[in-house]
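Copied over from TrEMBL:
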type	residues	note
REPEAT	A:105-147	repeat 'WD'
REPEAT	A:148-190	repeat 'WD'
DOMAIN	A:153-267	domain 'EIPR1-like beta-propeller'
REPEAT	A:191-233	repeat 'WD'
REPEAT	A:235-277	repeat 'WD'
Amino acid sequence: MPAFKAPAPGFSVRFSPFHENRLLAATSQHFGLVGNGHLLVLDLSAAGPGGPGLAPLFSFPTSDALFDCAWSESHDSLCAAASGDGSVRLFDVTLPPEQNPVRLLREHAREVHGIDWNPVRRDAFLSASWDDTLKLWSPDRPASVRTFRGHEYCVYAAAWSARHPDVFASASGDRTARVWDVREPAPTLVIPAHDHEVLSLDWDKYDPSILATGSVDKSIRVWDVRSPRAPLAQLAGHGYAVKRVKFSPHHQGMIMSCSYDMTVCMWDYRKEDALLARYGHHTEFVAGIDMSVLTDGLLASTGWDEMIYVWPFGSDPRAV
Amino acid sequence: MAGAPPKPWERAGAEGTSGPAPFKPPSGGSTSDVVEASGTAKPGETIAATTANVSNPVSRTMPQRPWQQQTGYGNSYGGAGYGSNMYSSLGGYGNTYGSGGMYGNSMYSSYGGGGGLYGGSGMYGGGMYNSGMGGSYGGYGMGGMGGMGGMGGMGGMGGMGPYGNPDPNSFGPPAAPPGFWVSFLRVMHGAVSFFGRVAFLVEQNTQAFYLFITAMLQLFDRSGMLYGELARFVLRLLGVRTKSKKGRVQGPEAPAFEGPGQQFLEAPKGNNSWDSVWGN
């Protein structure tokens with residue numbers, strides 16, 4: 001599996017839920033502060049062993065930084081990107097760049113930092129923005145379906161439950177994680193999760209009540225929404241803020257995380273010795289990680305060193 | 001619209017090992033229809049304040065937003081600081097310097113321990129009218145120095161937000177040296193706060209100078225009146241009946257001594273004359 005040199009610092013990677021060799025990446029010039037963004041689609045099968053000369057299948061430049069991206073779960077060529085100018089863009093990778101984005105959704109007042117596609121009902125996605133709100137979108141509608149208000153600070157990430165089509169959770173700089181039901185006007189649960197900003201969260205795919213949050217306080221905490229007073233587990237080991245956490249789609253309890261300490265870590269929160277592996281292959285902040293839904297154990301990461309690595313769990317990302 | 005292949009956890013089909021989740025059962029139909037059927041679509045501001053369903057309301061204070069971040073001294077430019085009080089109190093000096101505590105206090109609180117750059121309360125109030133010029137300027141000088149001392153003490157770095165603070169009291173191994181961007185942003189932060197402090201000092205010195213000049217002018221004004229009053233009093237003791245012409249200012253050049261034997265024309269006393277204060 002290859003390493004890929006991106007044109008700019010990477011912010012997010014996502015494996016396609018349709019094609020096991022397809023990878024979506026969001027990158028931004030100048031670390032997202034100013035400049036353009038690039039949405040890339042990589043074909044992993046086209047790469048020779050260890051060849052960094054992999055060319056992207058598609059590359060869509062955007063006028064503003066891209067902070068996150070997500071594949072559509074309903075259509076194999078559709079993907080969404082969260083932009084620094086507050087817009088959400090939908091791209092169809094089968095169309096030439098001139099006809100993209102196929103949809104420009106401009107409702108958020110500030111940067112959109114997180115995006116997630118509903119994996120159960122597959123007809124809607126969420127955007128999390130620094131204007132303290134989340135918005136629910138449907139790709140067949142020109143405007144948002146709903147706005148979720150309640151957070152008191154930037155919302156950094158949103159994650160749909162993997163098992164319930166109406167439930168999702170959000171992570172915010174107001175130090176809380178909130179659980180929402182799209183049918184309820186207010187959050188159904190507010191977890192004062194950390195002492196610092198919560199940057200990311202994800203649901204356990206096998207246990208619909210389990211949630212993991214990653215925070216600026218360097219820790220990952222695992223929560224049970226039925227008893228949110230105390231975390232089930234706290235995973236310490238990162239030296240700086242935890243940028244993203246992700247539950248494995250294949251193994252219950254397995255968590256992947258990346259951090260500003262430039263490492264990617266694998267955990268099993270149910271084990272005594274929770275840290276399974278630590279990868280220090282990036283030379284700058286690691287900003288995006290993903291685990292393939294279609295290939296068991298295939299991992300991807302990207303960071304501000306403009307590299308995108310794809311490697312199987314248990315091997316060295318730089319060796320493959 | 002075929003939809004993605006089934007997920008591994010869906011193929012497994014097992015409910016979670018720790019029992020059912022505490023959510024309402026899923027609704028049928030598309031997400032848009034579900035949301036609209038629930039009446040929460042586009043709730044806008046009417047629902048923003050709803051917290052009825054929140055089971056764990058947050059009571060902790062929120063961190064400042066990045067675009068609101070200031071390092072202490074920034075707040076003192078606000079209307080609550082000396083800005084409003086100081087200028088308004090300069091309107092009439094009768095009230096102003098008697099109640100110097102007003103701006104003294106607000107300076108202190110907004111500056112966060114800076115110690116009232118101008119010496120705080122009562123410096124003009126007590127000094128000017130009670131103990132005279134020396135006292136008033138003594139207070140002024142000391143206050144100013146205190147303020148400068150407080151100034152040096154501040155300048156703590158703001159939290160670096162997503163980059164994390166290397167907190168020595170936290171768990172985990174000793175933090176690695178910060179990366180290039182962290183240190184660069186810190187340097188930039190230091191430069192910005194340095195210029196902020198310089199701007200603050202310039203403004204404060206302008207304020208001090210203004211107050212100083214105003215106080216000097218008032219001192220001269222009042223001392224002239226005092227001189228005239230004393231002169232008249234002494235003359236009265238000496239048995240000289242002086243009478244100022246109506247509308248004439250009693251100043252140092254007033255014709256106070258023109259010889260004890262000289263007689264002045266008696267004029268009817270004005271009912272607003274100071275002469276009636278002391279009786280005859």
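Here the Cβ of each residue, glycine as well, is placed from N, Cα and C on the backbone.
Caution: TrEMBL annotation is automatic and unverified by curators.
DSSP assignment over the repeat 'WD' (A:191-233) gives 0 helix, 20 strand, 23 coil. When averaged over the domain 'EIPR1-like beta-propeller' (A:153-267), pLDDT in the model lands at 92. Taking H, G and I as helix, E and B as strand and the rest as coil, DSSP gives the repeat 'WD' (A:105-147) the counts 0 helix, 19 strand, 24 coil. Remark: secondary structure over the repeat 'WD' (A:235-277) totals 0 helix, 22 strand, 21 coil, with classes taken from DSSP.
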